[in-house]
Amino acid sequence: MSAIVIAIVVLTILALVFGVLLGFAAEKFKVEGNPLTDQIEALLPQTQCGQCGYPGCRPYAEAIANGDKVNKCPPGGAATMEKLADLMGVEPEPLNVTEAVQIKKVAYIREDECIGCTKCIQACPVDAILGSGKLMHTVITDYCTGCDLCVAPCPVDCIDMLPVEQTTKTWNWQLNAIPVKQLQEDKPC
């Protein structure tokens, strides 16, 4: 046999042995997570914005599972808070006004000042910023959660947080609050 074939066979056998060892170790030392934490995390919006006072949605889910309040997630809003309260078996509370943003704001990039460094793109947890290296960037306002994480990394300070204008598209319509009268159809004779 040539030296190359022997080397390939030896490396293949080593790879198989190490693969089996790693597979065994992964099963033997597997850490089981809290299923309640997983359920709570599934309900959270996964923006990783930190507005709740925790560094991301997973740490906040762990805190809720350990007894923290369920009303600290502004991006999730009242609907998420009610689902969390139902899951935890507690009474729904209004969103914590010290944590919640009163007026929804979104990031706005002054494109004429943008140098295209991509630091804001890397900081955005919901991929709401478009752009590429050395080119201007822009924000997709429909995706922006207003978490403010893109402002600090900007080296030229060209990102502003502006309130969302109230239009028919952004208005919080409460259609269930409008009474609807059901009309009975006349049957043909």
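These residue numbers are counts, starting from 1, taken along the chain as shown.
Quick reminder: no glycine exception, Cβ is built from N, Cα and C everywhere.
Record check, Swiss-Prot: [4Fe-4S] cluster 2 site residues include C114, C117, C120, and the candidate from C57, C73, C154 also listed there is C154. The [4Fe-4S] cluster 3 site recorded in Swiss-Prot includes C144, C147, C150, and the single candidate from C124, C158 that the record places there is C124. In the structure as shown, the Cβ atom of C114 ([4Fe-4S] cluster 2 binding site) sits within 10 Å of 18 other Cβ atoms.
The shortest Cα-Cα distance from C49 ([4Fe-4S] cluster 1 binding site) to any of the binding-site residues (C114, C120, C124, C154) is found for C124.
The [4Fe-4S] cluster 2 site is set by C114, C117, C120, C154; from the centre of their CB atoms, other residues of the chain with a CB within 8 Å are I109, I115, G116, T118, K119, I121, H137, C150, P153, P155, V156, C158, I159. Remark: C57 ([4Fe-4S] cluster 1 binding site) has E41, L44, P45, Q46, T47, Q48 as non-local neighbours, by Cβ distance under 8 Å and separation of at least 6 in sequence. Within the same chain, the residues at least 6 positions away from C150 ([4Fe-4S] cluster 3 binding site) whose Cβ sits under 8 Å from its Cβ are A107, C120, A123, C124, I129, I159, listed in sequence order.
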